[in-house]
Amino acid sequence: MPSTDSIPKSNFDAIPDVIQAFKNGEFVVVLDDPSRENEADLIIAAESVTTEQMAFMVRHSSGLICAPLTPERTTALDLPQMVTHNADPRGTAYTVSVDAEHPSTTTGISAHDRALACRMLAAPDAQPSHFRRPGHVFPLRAVAGGVRARRGHTEAGVELCRLAGKRPVAVISEIVDDGQEVEGRAVRAAPGMLRGDECVAFARRWGLKVCTIEDMIAHVEKTEGKLETNGSG
């Protein structure tokens with residue numbers, strides 16, 4: 001199975017370049033550890049994500065649009081955990097799902113509606129009453145300490161927002177390989193997830209910066225120091 005272990009470091013972009021692209025409102029591709037999920041997410045800042053960018057994200061990802069945000073933000077927006085006892089293998093902290101409570105929102109599933117919900121999650125004046133529950137965007141509660149505390153895409157999204165000076169809400173979704181068409185049949189052959197160098201190739205195809213969470217941790221530790229412990233959940 002392809003993994004980041006087999007990819008030369010030179011194939012990845014420098015973290016300052018990734019941060020700058022993120023600051024510019026671009027997608028970045030972020031890979032986690034091969035011993036963890038061994039997957040890559042498209043990540044973008046929620047505050048400026050457009051309908052067109054959301055459409056791209058839905059097309060090239062699992063379609064499950066998540067919005068990592070800080071613990072303080074989930075509290076301020078009254079976003080409790082989705083379940084009392086989280087059985088997710090990685091402890092991904094899903095809150096209740098939301099749509100934007102807005103005149104232009106229809107069913108909540110369109111690219112327009114989901115982009116709007118994400119922007120509203122990041123809006124400085126956002127209030128709990130600005131959202132319908134349940135909805136079609138899935139906020140994720142990040143742990144305090146960012147990627148130094150937990151090596152997940154949830155924390156990577158919030159960390160990128162912090163490093164780029166953005167509002168502390170990101171938008172993420174796993175990148176997939178949707179397989180090949182089968183002529184005359186309503187199926188696709190050999191679907192799966194993009195992994196390892198396939199993710200780098202995807203980033204290059206679309207002109208996106210690409211990095212690993214491992215490199216992000218190294219950058220933050222070099223510039224800001226280490227935490228007492230480094231989580232892996």
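Cβ coordinates come from backbone N, Cα and C, glycine included.
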If Swiss-Prot gives T92, R150, R151, G152, H153, T154 as binding D-ribulose 5-phosphate, which of D41, D125, D178, D197 does it give for that site as well?
D41
D-ribulose 5-phosphate site shell beyond D41, T92, R150, R151, G152, H153, T154, criterion: Cβ within 8 Å of Cβ centroid:
D32, P68, R90, L140, A142, E155, A156, G157, I213
Largest CA-to-CA spread of D-ribulose 5-phosphate binders D41, T92, R150, R151, G152, H153, T154, angstrom:
16
Find, among the binding-site residues listed as T92, T154, the one whose Cβ has the highest number of other Cβ atoms within 10 Å in the structure shown.
T154
